[in-house]
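In TrEMBL this protein carries:
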- B:R341: substrate binding site (BINDING)
- B:30-287: domain 'Aminotransferase class V' (DOMAIN)
- B:K196: N6-(pyridoxal phosphate)lysine (MOD_RES)
4 protein chains.
Amino acid sequence: MSAQNPVFIPGPTNMPEALRKACDMPTIDHRSAVFGEILAPCLAGVRRVLKSERAQVFLFPSTGTGGWETAISNTLSPGDKVLAARHGMFSHRWIDLCQRHGLSVQVVEAPWGAGLPADRYAEILAADTAHEIKAVLATHNETATGVRSDIAAVRRTLDAAGHPALLLVDGVSSIASMDFRMDQWGVDVAVTGSQKGFMLPAGLAIVAFSDKAWRATETAKLPRTFFDVRDMGQSYARNGFPYTPPVGLMNGLRLSTEMLLKEGLENVFARHRRIADGVRAAVAAWEMPLCAEGPELWSDTVSAIRTPEGFDATKIVTHAAAKYGVAFGVGLGEVAGKVFRIGHLGSLTDVMMLSGLATAEMAMADLGLPVRLGSGVAAAQEVYRASEAKLEKAAA
Amino acid sequence: MSAQNPVFIPGPTNMPEALRKACDMPTIDHRSAVFGEILAPCLAGVRRVLKSERAQVFLFPSTGTGGWETAISNTLSPGDKVLAARHGMFSHRWIDLCQRHGLSVQVVEAPWGAGLPADRYAEILAADTAHEIKAVLATHNETATGVRSDIAAVRRTLDAAGHPALLLVDGVSSIASMDFRMDQWGVDVAVTGSQKGFMLPAGLAIVAFSDKAWRATETAKLPRTFFDVRDMGQSYARNGFPYTPPVGLMNGLRLSTEMLLKEGLENVFARHRRIADGVRAAVAAWEMPLCAEGPELWSDTVSAIRTPEGFDATKIVTHAAAKYGVAFGVGLGEVAGKVFRIGHLGSLTDVMMLSGLATAEMAMADLGLPVRLGSGVAAAQEVYRASEAKLEKAAA
Amino acid sequence: MSAQNPVFIPGPTNMPEALRKACDMPTIDHRSAVFGEILAPCLAGVRRVLKSERAQVFLFPSTGTGGWETAISNTLSPGDKVLAARHGMFSHRWIDLCQRHGLSVQVVEAPWGAGLPADRYAEILAADTAHEIKAVLATHNETATGVRSDIAAVRRTLDAAGHPALLLVDGVSSIASMDFRMDQWGVDVAVTGSQKGFMLPAGLAIVAFSDKAWRATETAKLPRTFFDVRDMGQSYARNGFPYTPPVGLMNGLRLSTEMLLKEGLENVFARHRRIADGVRAAVAAWEMPLCAEGPELWSDTVSAIRTPEGFDATKIVTHAAAKYGVAFGVGLGEVAGKVFRIGHLGSLTDVMMLSGLATAEMAMADLGLPVRLGSGVAAAQEVYRASEAKLEKAAA
Amino acid sequence: MSAQNPVFIPGPTNMPEALRKACDMPTIDHRSAVFGEILAPCLAGVRRVLKSERAQVFLFPSTGTGGWETAISNTLSPGDKVLAARHGMFSHRWIDLCQRHGLSVQVVEAPWGAGLPADRYAEILAADTAHEIKAVLATHNETATGVRSDIAAVRRTLDAAGHPALLLVDGVSSIASMDFRMDQWGVDVAVTGSQKGFMLPAGLAIVAFSDKAWRATETAKLPRTFFDVRDMGQSYARNGFPYTPPVGLMNGLRLSTEMLLKEGLENVFARHRRIADGVRAAVAAWEMPLCAEGPELWSDTVSAIRTPEGFDATKIVTHAAAKYGVAFGVGLGEVAGKVFRIGHLGSLTDVMMLSGLATAEMAMADLGLPVRLGSGVAAAQEVYRASEAKLEKAAA
């Protein structure tokens, strides 16, 4: 590993200079007015990134996993039934968390590489006329397989069934990188973290609650204190925090949302799309399939690439790290050894991405895979040449 | 508030330059070997700071509150009985957390300013012949009142009663600043955070489990996933983390423990004692009483100072912040408005402390309290002149 | 020495967080447009700080000494006569530099502690009817003695004599901290550095030329290349630099001037005056005289304090550094061992200053001087309490 | 320009994280002992990098240009004759500097792209039986043309002629990146800067004097104060500096030399050679000639690449900056518009270099040059795959 090279893992991402400096803050008194000047724009900024008018945003010194726990423990009670699909490691882990917290999870199994099976959800929800299902879980972007699912479709199934279940969405590796419409999609709880699209260090769970989810906190019986959004909300109302806040990270989030909104969310999404298109062009040139089953599922933040049968895909990752000092992602769970992953989210340029693709080519060639050097790079170069990207100005 | 002045709140503390730089780390792949090179010395270093040979140390992206939750949710089951004393805001909050998580808390009320009433614990434990009490909580240093309790005495009451309850200790504002002897005192779970004696930003709960506490994780039924120490332990065994770790903060902790151990724990404690002695000399010169009921209770990390009847102590804090840009701590809960607090822990020199005392004097004089300017400073100067402090070398 | 404590030397000064971060810049291409976005506001900002409408500002990777060399080598020729007063170490050094460069310096000796003897200048200039004197040197603020001289008075002597000599002024330890009026005082070359009032690291000579000084560059014959202002000016005209510029420092200067102008120059000067008043009140309480011969000479950036006969003043400095980790300035040259100096310029608060005064008291008491602990602090506290200082907001 | 991408200019170079942090230092008292702990290892470290046993090293807050001025003004007198070759912009500029300082320069003109014509030097020195030539100038690495000259050959010509002239060498863009043997080559003054092989910001001239050069300082009559090495040496002897030193940069240099020596100088040189080989392989694949006339002249720190007749090479640089945010170097002087330059020195990995080559390809293709995308990258990949580079560990 070399700290000089960019990382190409699907988070934590490379961090912009300005965000590192915003996080590296001297100690302030978090009970003073200065804290409110950091907190308020964070909450407002995240809300805009989520394309929501009214969602209540909460920030926990935690991670996406803590965000999942926040989502369920504030809205559900022991024994409650939830509907979830398992089609990758991260959807799997959320299911596991629910089960550990005493929920009854109806799991829809789907292939790792498929999207969330909205049609199966539709059947189950339609059949649940007693409305025993209290919440529906959805993983917007399966980081393990590079698959983006259609959250609007999940909302449609709920609406079609006239089902009142809450819609809880894991947007950890999509929010702030790919289009996410909390209000339009009727998302009740959205979960993400600081270390992906927000380009910050890990350490913050970022969770947003709709009005409906907020009302559910009144009856939810799962135990919670650290992750209690009502305590959090009461503290926010007086510019406070229920315990010691991670002020530096929050100052980073304040600036991150400012940078994202200044660039323009659609520009941010287009930038991720362009860089992802280059990666996909390279993968096609290598004649290797993506794990994602079809183009409509392609993630713009991470690509999982299937290597030939009999080849241990993990070797690419360990070799690239050991010989070239570059980090890619290994396959996890069912696709361990079958895929390697290229993260392409956060603070990244076309130029940085080309160095990742060039490295992947060297590693694959070193390991005997039939990849022609320069072939993927050339394909990506064609994509990047075609863009009329506006460059951010260097820090002045 | 002015970022140029030191803070004198009881945490987060002022941060040494070197620790800020250690935390401000570029992104690395937390699944690479580099991560293990950060994790392992963190765990070993914390263990030594706790004066433990065998405790298992766990680091959560969280805070002390999350540490409390870790302590109980990994060792106890719903309905379990625990014994706790309430003698300040932080002991109160831990009790509240236990209650929210469905534990049955036997609360011993004590004056805010008193130490933990070990004699009452002794009576209760002796009477609990059925061993219904599963855990005993103790707050080593009540940050709200500046009171240090005698944890060894709690251990003696347990031993005298032959009681098997676990001893869970909140050492958030004592560990790494005041003597803490996990093994000698028979502490089963010790809880602290990054932002006090470790002189880091907030964002890490640091929790240590004895063998006995570890065994309790097997039967504990409180729900947990984010705070599950068994997941954490399994990940550590392969130099991993169960979710995305806050690598920069951990890198800071690695260096923090290195710095503390290099200075020598007894020297660190003596430094805190010396600075605290200066503060107490100033308070005496001001002819104001400490909240702590007696010298044996004096905390070396925070002093809560009682202001005259009829005076709103909080005004000192708001005035010092507004006019002089200096942060002190307000009174909390029962002692709100009755005390103000001076934090004197973490990265602090005699010289910095004098500026805090001089500021307190100006603020009190401005507000009409009968404090002679320079009087407290002079008393502290006498204390500091007498020391033969070894100076740390400036960063080279 | 301890990096935790502020420094109280008369430069380099304590640095604001924001300026350190502005200087700590990643590498950019100094031949790209980004460079111009840093250079232009630097030049404009310095010009405003100098209260000049038309002066040409030049920045050299150098120090104040290089600034002195720039001033003379661009305006004078070998053998040229210059008039200068020696009344401290820094006026002495500039004279020495002139002599080494082959100038004929008419030196007016004055006591170390006196101001520039404008009356003697007047006599000499009036007598120089042949206008052999080509330049008059003046040290606005003698850092060695804490003496501010009256530059307007020097201008008046020149005007009264109808003398065409250039007026070259060393404003290293005054500019950006004390009032400086380049245009109104008819200063032809003003010299300063980055590490004093601009609160930056050492490394930049900042020099400004009047139109008259600029015209003198055409005939000046002293050799120069590195310090040639014409090369510099030509490069600036195309947003360039004649060699590799210290971009980070310049980026710091850009922000420094922005911060100074936002605070308001008169507010900056008043802040320095207030902090200096506190120091002088403390010195009076200690019953020790300033080196400066009278109040009209008092410098607002540095105070040189005379210690009793027979006492080695340098001991205070070495003892304060060794025992308390605090840096003061020693006496230099003629006043070595007779004075110690307290720097009070740059990024400093009343609160920080009090810690310096408290330390000086401890050091003097330790060394047996008859200083009552707290006495100087109390006197300064009275000064600082009386102010209605507006606090800068902490970095958000 | 994008601060996210590496730069590929021939200095300032990309900076390692650790060096940026070493430079970003809080203010210390440069008259305290701490300064000596920074200065001494700097001087010793630079001496070892120069492969010298006895050279005296001097550090000026300046740049390479200031280093040139130091070299001549401390060793020569007005009217002295020096021998120099002009075969690029930087050798040209040094000649110009000499002339401005009143030296009589015998200039040997050589093609831009040729090395220093040692045979012409030999003739001239042999003919100079009166030893009127006092110094011989040599540019080790012409940054403008990417040409390395043979300094040992210059030494041989001097020795063969029994000529006592000093050998003054510009090693600005070679030292610390390419082999430099001060003692073995009999170099009398070596000049470099902080911003090339030392991987630091610009701001330090680094100059080393042999015993013979040191003796010359006694008789040299060129005026000097700021650049006087005798003042500097006297100050160093008591761990001081003749004026305010740039402490942060020096702290960076201390660490830089430590890092270079820990990696091993031969490993550093081999790394530069390997990365340069990759660049040269790419250039060959593009079927474009280097400016350097032959392989024996190839520089390992910068390659100047000739573009086809009629094509304005500068366009590549401006286009790459504007569209891709990547900085390359333009042609200067005689080769302006005819070459563009790729810097490949300092803190650089194979992987970073590939992104530079990929960008150059895109830019050239965009501008209509007949470059096949991926062709140069593939050629460089072959070079980099073949290496068994040891990776530096990421900062922990």
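Here the Cβ of each residue, glycine as well, is placed from N, Cα and C on the backbone.
Ranking the recorded positions B:K196, B:R341 by how many Cβ atoms sit within 10 Å of each one's Cβ puts B:K196 at the top. Each residue contributes its Cα atom, and for the residue listed as 'substrate binding site' and the residue listed as 'N6-(pyridoxal phosphate)lysine' these two points are 15 Å apart. DSSP assigns B:K196 (N6-(pyridoxal phosphate)lysine) to coil in the three-state reduction, placing it in neither a helix nor a strand. The DSSP secondary structure for B:R341 (substrate binding site) is strand.
Summed and averaged per residue, pLDDT over the domain 'Aminotransferase class V' (B:30-287) gives 98.
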